[in-house]
Amino acid sequence: MKIELLNTPADALEIRYEEQIRPLKMDDFTGQQRLTDNLRVFISAAKIRGDALDHVLLSGPPGLGKTTLANIIASEMGGNIKVTSGPMLDKAGNLAGLLTSLRKGDVLFIDEIHRLPAAVEEYLYSAMEDFRIDIMLDSGPSARAVQLRIEPFTLVGATTRSGLLTSPLRARFGISSRFDYYPPELLERIILRASGILGIGVTTEAAGEIAGRSRGTPRIANRLLRRARDFAQVADSFVINHDIAMTTLASLEIDEEGLDDMDKKIMDTIVNKFNGGPVGVASLAVSVGEEQDTIEEVYEPYLIQAGYLARTPRGRVATRLALKRFSSGSGINSSEGPLFDAAPAR
C-alpha cells in the first residue's frame, strides 16, 4: 500500500514515530470493537462484489485512531491512500486533480472534512455518487463544461465536529461510525505494544499509570510513553518503571485524572472568574489565551466526559463536581447558582 501525503505539513520526527507504531491490519487495531467488526463485514462484502467500499465518515474527538483506521481500510481493500485535509483543499481545481489521479479501489482520506469550503464540497457530490466530475473550460461566453469519469474510489472523511457537516454531504456517506474514548485497560495494551516497537521496556504498573492519565486517548498515551522513554534514557534505564512514569507525569503537570495545565486553567477560569458560568466560549478563549477552536475540539470533549463541564444554550457551565474541585472559595457557593450535574455534550 502506498501512502501519499498531500499538503499536510507535519514534523518529520512525528511522522516517523506514527509510522513506527501505527497498526497496518484490522486485527492489530485495538479498541472500537463494534466499529471494526462492522467494517470487517463491509470490507469483505465489497471485496466479494469487486466494488469499492462505500464512503466512510469517521467522527469523534482527536487522537482516537481515525487516521490509522483510514490507512487500514486502504490496506485491507488493496488500494493506495492519498491523505489531505479540508483546509488544504481551498480550490475545486485542487480536488479535481486529486480525484482524477485515483485508481480503482484507492482511498482518499480528508481529515477535518467539516472545514471544506462550500464550493469544494459541492464538487464532491457527483464524485461520491456517480464517480464523475464536471470541469469548466474557458470563461465567459465560450465557457463549457466537460464531464470526466473517475475510477471508483472510497472517500474516508474524518471530523471532530460532525455537527458542522452539511446534510447533503453527510447523506452521501454510506458508512458512518463514531469513535469512543478508550478505557484504561485498552490504553495499557496500546502502550505495551508501542513500547516493544520503540525498543524500550515498560512495567505493567508503569503502563497502567500512564494509561490512567491519558484521557482515554491513544495519541496522548503514545506521547506520554515517548516522554517517559526520554526520562528513562537520561536515567540510563532500559525500562520505564513506576518511579520513572510518575516522575514523567509530575514533570508534565498531568494529574491523576489526566488533566493538564490548560484543562485546569479553563476550569479555574469558569469557576472562579465567571462564578461557575454560563460563559461564552469566545470570552473563555480570550480569558485563558487559547484559540476558540482548540478549546472546543481538544479540551472541552474530555472535560465534559470527565463530568466537569456542561454545554448549555447560554454558554459553558461548571458542574457541581467542578465546583467542589476548583472553587477557591471566593464567592462560589456549590449549592446555589446555575449549576449542572455531569452531562454529555450537545
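The backbone N, Cα and C atoms fix where each Cβ goes, glycine too.
Among the candidates Arg215, Arg219, Arg223, Arg226, the residue that Swiss-Prot names alongside Ile21, Arg22, Gly63, Lys66, Thr67, Thr68, Glu129, Asp130, Phe131, Arg172, Tyr182 for the ATP site is Arg219. Overall, the recorded ATP-binding residues Ile21, Arg22, Gly63, Lys66, Thr67, Thr68, Glu129, Asp130, Phe131, Arg172, Tyr182, Arg219 cover a maximum inter-Cα distance of 37 Å.
Around the Cβ of Ile21 (ATP binding site), a 10 Å sphere holds 18 further Cβ atoms from the protein chains shown.
Sorting the binding-site residues Arg311, Arg316 by the number of other Cβ atoms within 10 Å puts Arg316 first.
Per-residue confidence over the region 'Large ATPase domain (RuvB-L)' (1-182) averages out at a pLDDT of 84.
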